[in-house]
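Accompanying notes for the structure given below.
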Amino acid sequence: MKRKLFTICLASLQFACAAENLNNKSYEWDIYPVPANAGDGMVWKLHPQSDDFNYIADEKDKGKEFYAKWTDFYHNHWTGPAPTIWQRDHVSVSDGFLKIRASRPEDVPLKKVVSGPNTKELPGTYTGCITSKTRVKYPVYVEAYAKLSNSTMASDVWMLSPDDTQEIDIIEAYGGDRDGGGYGADRLHLSHHIFIRQPFKDYQPKDSGSWYKDDKGTLWRDDFHRVGVFWKDPFTLEYYVDGELVRTISGKDIIDPNNYTGGTGLVKDMDIIINMEDQSWRAVKGLSPTDEELKNVEDHTFLVDWIRVYTLVPEE
């Protein structure tokens with residue numbers, strides 16, 4: 001018992017030291033103030049899960065710096081929404097970027113893809129996924145500086161509770177031109193989900209604001225952009241794009257109108273997940289990347305320059 005207590009205390013001390021060292025360093029993102037208002041008497045403090053990806057992590061051996069913060073897979077054994085098949089060796093870090101690529105080898109297995117009434121057998125699509133070693137909870141601000149892949153696949157930065165029932169999407173977007181009707185490279189999906197797993201139910205907002213499009217006609221794949229969410233409390237989410245507040249949702253009627261949480265709202269600790277997905281609902285419509293498209297590795301690589309996480313602490 002004493003040994004277990006010592007181990008817990010040591011881990012807590014190491015985490016505290018890491019947090020202190022983190023806040024004493026300078027980072028690329030320092031030129032961008034946190035756009036969300038901390039509130040009276042509170043200040044933003046950088047969280048150790050933040051990562052500038054200024055190190056090397058090879059696909060086969062990612063090294064200590066990567067594994068100190070990330071697992072190179074999903075947060076359980078699920079391999080992704082069919083026909084997605086997440087592979088550890090499709091994730092790397094180099095040139096200052098997290099890189100998640102996609103491919104389809106000749107011997108890739110067929111996957112049964114189901115979306116609503118539609119079922120197809122399609123060749124799998126290999127890609128990558130990483131999950132944070134540390135979970136976060138409101139009030140927290142999470143922001144990524146990323147460049148979408150030029151692909152029909154989804155480029156994603158999101159948060160998910162360990163039981164897969166509460167989800168906040170920071171970036172979910174499709175950079176390719178084959179958009180399949182209104183979900184193209186000029187849109188960012190700024191949304192959340194609340195699930196009941198048995199029997200399966202899924203709520204997410206359906207308002208037009210959840211598919212954000214700016215008034216400049218920006219194609220989000222063309223450059224890096226900062227996209228962040230301030231998870232303020234169980235019933236308030238604020239979304240920021242390049243430092244500008246573009247969407248706020250607040251209240252039970254839009255967070256959880258069906259009472260799937262039993263009235264609590266978004267309260268569960270969440271893992272941070274970064275990945276690519278060949279999503280089922282698009283794949284059954286013919287929007288999987290083709291073998292020919294996948295030969296262009298650059299187009300099918302999601303780049304993340306950095307991700308930063310801030311929590312609120314009392315002002316000293």
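In case you wondered, yes, glycine gets a Cβ from its N, Cα and C as well.
The active site, nucleophile annotation in Swiss-Prot covers Glu167. If you take the C-beta of Glu167 (active site, nucleophile) and look for same-chain residues 6 or more apart in sequence within under 8 angstroms, you find Trp158, Met159, Leu160, Ser161, His192, His193, Ile194, Phe195, Met270.
The annotation active site, proton donor is assigned in Swiss-Prot to Glu172 on the grounds of similarity to another entry. Glu172 (active site, proton donor): 21 other CB atoms within 10 A of its CB, across all protein chains.
The substrate binding site feature in Swiss-Prot is assigned to Trp78, 87-97, 101-103, Arg197; the stated evidence is similarity to another entry. A 10 Å cutoff on Cβ-Cβ distances gives Ser94 (substrate binding site) a total of 13 other Cβ atoms nearby, all chains included. Following the DSSP three-state reduction, the secondary structure of Ser94 (substrate binding site) is strand.
Summarising the annotation, Swiss-Prot assigns domain 'GH16' to 27-315 and lists sequence analysis as the type of evidence.
Annotation comment: Swiss-Prot describes 1-18 as signal peptide.
Taking CA atoms as the reference points, Glu172 (active site, proton donor) and Arg101 (substrate binding site) are 16 Å apart. Considering other CB atoms within 10 Å as the measure, the emptiest surroundings among the binding-site residues Arg88, His90, Arg101 are those of Arg88. According to DSSP, Trp78 (substrate binding site) is assigned to coil rather than to any helix or strand. The binding-site residues considered are Ser92, Ser103; of these, Ser103 has the fewest other C-beta atoms within 10 angstroms of its C-beta. Long-range C-beta contacts of Trp78 (substrate binding site), restricted to its own chain and to partners at least six residues apart, with a cutoff below 8 Å, are absent.
Less than 8 angstroms from the CB of Gly96 (substrate binding site) sit Asp52, Phe53, Asn54, Asp305, each of them six or more residues away in the same chain.
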